Amino acid sequence: MSVAHRALQIRLPPLPSIKDVIRLYKLRALRELSQNFLLEPRLIDKIVRAAGNIQNNIVCEVGPGPGGITRSIIQQAPRKVILVEKDPRFLPTLELLGDACKDKVDIDIITGDILHTDVAHFIPPDVKVGWNDPPPPVNLIGNLPFSVSTILIIRWLEAISRQEGAWSFGRVRMTLTFQKEVAERMSAPILHKQRCRLSVMCQNWCNVKYKFDIPGSAFLPKPEVDVGVVTLTPLKQPIIKLPFKLVEKVVRQIFSMRQKYSIRGAQTLFPEEIREEMALKMYNIADLDPVTRPYQITNSEFGRLCEAYKAIITEHPDLEKYDYRAPKKKVITENLDEEIM
Ligand code: SAM
């Protein structure tokens, strides 16, 4: 870290360690909220450093919990910190932290569910830049709860595709933790054993960087899996320039039979009676070999398949409504995490 950067750090008054905060406030971790607290300042700082220089930035942290990452963020002298935490038990500890730095950083604490919170309401309008400009001074950071991380990233990708919510301010960057396997999936290139729908979707709208691992043993309580830290920067232009829902549908069906020839999955985009004929037509239009396996298909080839699917549904509008999963919908919602992979 440069001397100039170090000089601009904020010094917090002496505070109890996060371990002591958890003990003093009797903050027993709740499994249903995927609460695994990171205690080690060195690893916490490493996550915050992965976000780059956040000095004078607007930083939104998802799930601050007892505030370990929040402290590290504040020390980097951001302009404003927006905290979204579902568990109200953390409010006193976060307010204490807010009081400790109230003259230096503006802090908004929102007790709510990130899946139902539009952080755009808390971002000052003057930071807005154009989509093709360098990213605005706004960062989303979070040691995400496992229970919502995949659903959240899919929702945020959709918001990015529409330049809505936080992304109405420009190409806002994210520094987030995921279960290691999910982080690998998000960043997996073609031929990788973890290449899946999530890889294609994340990489279609973002530059995805798998930064480093955090062992499960660094958390309290220790989760069964290790954690991967990922940064995502929205691309100026997605590789597949089509609506999110259309891309998601095509990619999902093609990956529904990951080990088979990809045309087998593509057939499930169409009703049974015309399935083989239409999928072959789709591959012909896309000029792609039907025996390619899903994990061998690049994003731009997926783009050709999506364009071909679009051409077919434009010619036969009734086919657009066909949903292979429709009769199984209930089971799918219950297994959302599995389904998203
Ligand atoms: N940031 C803390 C740390 O690193 O030690 C806690 C991380 S813990 C893995 C996840 C945090 O997200 C918990 O504080 C939990 O209460 C919170 N959380 C869980 N579900 C949430 C949701 N839907 N919206 C906002 N926060 C949520």
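Every residue gets a Cβ built from N, Cα and C, even glycine.
Going by what TrEMBL states, the S-adenosyl-L-methionine site holds Asn36, Leu38, Gly63, Glu85, Asp113, and the candidate of Asn143, Asn204, Asn207 recorded there is Asn143.
Of all Cβ atoms in the protein chains displayed, 25 besides its own lie within 10 Å of the Cβ of Glu85 (S-adenosyl-L-methionine binding site). Residues within less than 8 Å, Cβ to Cβ, of Asn36 (S-adenosyl-L-methionine binding site) and separated from it by at least 6 positions along the same chain comprise Ala29, Asn143, Phe146, Phe219, Leu220, Pro221, Lys222, Pro223.
Residues within less than 8 Å, Cβ to Cβ, of Asp113 (S-adenosyl-L-methionine binding site) and separated from it by at least 6 positions along the same chain comprise Lys86. Taking Cβ-Cβ distances under 8 Å and a sequence separation of 6 or more, the neighbours of Gly63 (S-adenosyl-L-methionine binding site) in its chain are Val84, Glu85, Lys86, Ile114, Gly142, Asn143, Leu144, Pro145. Using a 10 Å Cβ-Cβ cutoff, Asn143 (S-adenosyl-L-methionine binding site) registers 27 neighbours.
Just so you know, the Cβ of Leu38 (S-adenosyl-L-methionine binding site) picks up 21 other Cβ atoms within 10 Å once every protein chain is counted. When pLDDT is averaged over the domain 'Ribosomal RNA adenine methylase transferase N-terminal' (43-236), the result is 97.
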